[in-house]
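Have a look at the structure below, then the notes.
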Amino acid sequence: MQQQKRQPELVEGNLPVFVFPTELIFYADDQSTHKQVLTLYNPYEFALKFKVLCTTPNKYAVVDATGAVKPQCCVDIVIRHRDVRASYYGVIDKFRLQVSEQSQRKALGKKEIIATLLPSAKEQQQQKEEEEKRIKEHLAESVFFEQTLCQPENRTASSGPSLLTVFLGVVCVAALMLPTLGEMESLVPLYLHLSVNQKLVAAYVLGNLLTLYICKN
């Protein structure tokens, strides 16, 4: 005996709602933008009914604010801005699209769409271009400062060894030239006589200094 497939229970408010776009931008100087279209998709295997709500319904006209969409189909919802005035520039309004199963009243899901009225599409484009220009200039200045900071180091490295390196080199050479302990025939005072180990250390340090200087150049 075959078991009948049971449709999973739909929890109120948890059903994903697929609508495009999620933001509407109207431009006062472009009448073609005063009419916008929302597309509601129904990827499910059951029909949906929808309702469009708005925070400021006096500013907009929604064609077919309620309706239904068949399974795995879509429907277009036309929204017109009917109160274009300067005092509304930059004000953000919100639409809420609620969907429910046709046989039920509870809202299975909802989606919010924001709407904004801007004065001019050209001004918006200019602002966007200026912002992109400022970003590019900022990046160029950052690269310039990085190169400037690196230049003194390059000049220092190419100008020759530092004073500390020269001083250590002179000390090591002088140490190697001093007599070794045990040499009796020397005019140098005894306290300046160095052991073999001390001279080996001086030779080791001098060799490292010469190697670093050759590698840098």
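Going from the start of the chain as shown, residues are counted 1 onward.
Cβ atoms here come from the backbone N, Cα and C positions, even for glycine.
Annotated features in TrEMBL:
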DOMAIN    16-140  domain 'MSP'
TRANSMEM  163-182  transmembrane segment
TRANSMEM  194-215  transmembrane segment
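Long-range contacts of the transmembrane segment (163-182) within the same chain: residues 188, 192-196, 198-199, 202-203, 205-206, 209-210, 212-213, each at least 6 residues beyond the stretch ends and with a Cβ under 8 Å from a Cβ of the stretch.
Secondary structure of the domain 'MSP' (16-140), assigned with DSSP and counted as helix (H, G, I), strand (E, B) and coil, comes to 30 helix, 61 strand, 34 coil.
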